[in-house]
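**Student:** Below is a structure I'd like to ask you about.
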Amino acid sequence: MFGNLDFASILKQLLVLTPGILFGLTIHEFAHAWMANKMGDPTARLAGRLTLNPLVHLDPVGTILLFIAHFGWAKPVPINAANFREPRKGIILTSAAGAGANIICALIFGIIIRMAFPVNEWAQQAFFSPSWVMPAMAIRIIFMLLVYGMFFNLILAVFNLLPIPPLDGAHILFGMLPADKAAKLSWLYRYGPMILIGLIVIGMMTGVSVFAYIIIPPVSLGSYIFSGFNINILFALVNIFLGGTF
């Protein structure tokens, strides 16, 4: 996450990275709670989870690990599928709402980047003009907040759509499958969490992340579609801006 940045730049990166992470996790869980309530299940609302207050949704351990190990979680929203007016539809839409909210937020951030910042001009001057003067501090900070916000929301959406329990993608898949086929795959709910944790641990120990190969391509494509710019160019500018004075 922090690349080869020096300590001062890492602190700066944390300042512009943290809002995107907190917002992405909060909007994801809020969307689950909102859709569940919309579909007839008030459990999350009665538990106080129908709110945009990040303190209500964040899990302390999961949030800390997100920064340290690049893997973390928020508090899962309590759902009682028996309350849904249409159980199958309720499960699918509630499960998809979190990733859907993240994608919408990433799209909004990308459009702002596309329309408000001269990224191509910055890149040409930063890479080829030794005398280039960086934009004002406020502009740099807003740009970095938007880039990290878009990037993390896309990562959160793609990761959660993987069809491995307990991720949302598994609930969507099982909700769409016929009952007999879903029953044949029910073993995934027993072993899915272990598979997920095992893949993450292997990636941390070997430095080769299976999830990176799965997640980064669609995230990069989404970043390009939403913002109009290659994600590598955006982060190259972010790293240059992190080296400037805050």
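Just so you know, glycine gets a Cβ as well, placed from its N, Cα and C.
Bear in mind that TrEMBL entries carry predicted annotations, made automatically and left uncurated.
Among the features that TrEMBL reports, domain 'Peptidase M50' is placed at 21-179. Look at TrEMBL and you will find 14-35, 55-74, 95-117, 137-162, 194-216, 222-242 tagged as transmembrane segment.
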**Student:** So, does the transmembrane segment (222-242) come close enough to the transmembrane segment (194-216) to give 3+ Cβ pairs below 8 Å, pairs being at least 6 apart in sequence?
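**Tutor:** Answer no: the transmembrane segment (194-216) and the transmembrane segment (222-242) share fewer than 3 Cβ pairs below 8 Å.
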**Student:** Do any residues, 6 or more residues outside the transmembrane segment (95-117), come within under 8 Å Cβ-to-Cβ of it, and if so which ones?
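**Tutor:** Counting only partners 6 or more residues beyond its ends, the transmembrane segment (95-117) has Cβ contacts under 8 Å with 23-24, 27-32, 34-35, 139, 143, 146-147, 149-151, 153-154, 156-158, 160-161, 168-169, 171-172, 175, 222-223, 225-229, 234.
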**Student:** Taking only the residues in the domain 'Peptidase M50' (21-179), give me the average pLDDT of this model.
**Tutor:** 93
